[in-house]
């Protein structure tokens, strides 16, 4: 085998493997790094001869589409909802998290006031000469507590494009994975390729804690999916004119691109930050106050109660630096909000109270089959308790309800005599199929008998 490898050579220039830095194998052929560089030079020369061919084609199609679409006007001070109005809208969709909703309401209101502000730094008075800087938002809280939902609800109320990105898929430019500019492409697509509209949108970057570097100290090796991504995001978060490939993928110096100014885009970053409590605990020299219960560690009830409220006061930027975020990144996220873990009572409210609550969703689904669905209070409580045990927050609720409703939703559409159905605690506890039978005409609800 070693003798065979010694005779490997480039299929294009004929140089042996030991004469080049890299030899890449294909189906029966090999190409060296020098030939790859030569191919790139040839392609670059051809693009230089006609660099605007593809660019102009895309620009013309984009302008043609924009001409047929009514552009949304930029926000005015009068049209921006006040913080109290924003929080009221959030209350209709998100249960609990009062401090976080208040922080978000003020931050979003100030951000869109900034967009409506005419001051450009050239005015004659102190106020008109003031340039307002952008304040991005960092959300910290356990999984399933409503971080993404809060961002989605804000975008819905403000009627602006909204895009979600997963930080774990991002890598530093030049490495396998997504470039940070692809985040802007998603926002642009949500805005139907309207650049002006996209520049007023909201981007939510989830799992931001997963790009923390492994230690507080800078690494001597390249961390392309951790610190490298943080560095790549800095200019975008602060505000820059980014060149976005309209078809996604990697940027090319002579390829087609769309310019987007990120200075008016609101970035909201969220993450669970598992283990951040240990960092705070170490600094304070007190018992742990973290999000995740540890069976090997004794925690008092007062410790657990402090998680939501007191961590807001206890957490400092230096804790995030020790966790693995670089200081420059933290500096570009000046507004932070801590979201509390959801207890069983909050999960009960999530099932029934919000506008798009799960119970309302399933009632709507069955109403299409002319069946009125209801849930006993103890059934709702049992569902919430089971979701709380699974430790995945509100995300567990849908899975549990789907399990309970599977056989019901399978059989009810074919049974035209059934007009009402009630979900009981027994059904939740058993979470089994069972036979659906109609009640007599003088009974109001349908009961479920175990098979």
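A Cβ is built for glycine as well, from the same backbone N, Cα and C atoms used for every other residue.
Taken from Swiss-Prot, the feature domain 'ClpX-type ZB' covers 1-51, and the record attributes it to sequence analysis. Feature annotation from Swiss-Prot assigns Zn(2+) binding site to 10, 13, 32, 35. The region 'Disordered' annotation in Swiss-Prot covers 50-73. The ATP binding site annotation in Swiss-Prot covers 142, 143, 144, 145, 146, 147, 148, 149 and rests on sequence analysis.
Features recorded in Swiss-Prot, as mapped to the structure shown.
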residue: 10; record: Zn(2+) binding site; Cβ within 10 Å: 21
residue: 13; record: Zn(2+) binding site; Cβ within 10 Å: 13
residue: 32; record: Zn(2+) binding site; Cβ within 10 Å: 23
residue: 142; record: ATP binding site; Cβ within 10 Å: 21
residue: 143; record: ATP binding site; Cβ within 10 Å: 18
residue: 144; record: ATP binding site; Cβ within 10 Å: 22
residue: 145; record: ATP binding site; Cβ within 10 Å: 28
residue: 147; record: ATP binding site; Cβ within 10 Å: 27
residue: 148; record: ATP binding site; Cβ within 10 Å: 15
residue: 149; record: ATP binding site; Cβ within 10 Å: 19
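A gap of 48 Å separates the Cα atoms of residue 142 (ATP binding site) and residue 32 (Zn(2+) binding site). Each of the binding-site residues 35, 146 was scored by the number of other CB atoms within 10 A of its CB, and the lowest score belongs to 35. Each residue contributes its Cα atom, and for residue 149 (ATP binding site) and residue 35 (Zn(2+) binding site) these two points are 50 Å apart. In sequence order, 11, 12, 14, 15, 20, 23, 30, 31, 33, 34, 36 are the same-chain residues whose CB sits within 8 A of the CB centroid of 10, 13, 32, 35, the residues recorded for Zn(2+) being left out. For the ATP site, the Cβ centre of 142, 143, 144, 145, 146, 147, 148, 149 serves as reference, and the other residues of the chain with Cβ at most 8 Å from it are 141, 270, 339, 393, 394, 395. In the predicted model, the domain 'ClpX-type ZB' (1-51) has a mean pLDDT of 77.
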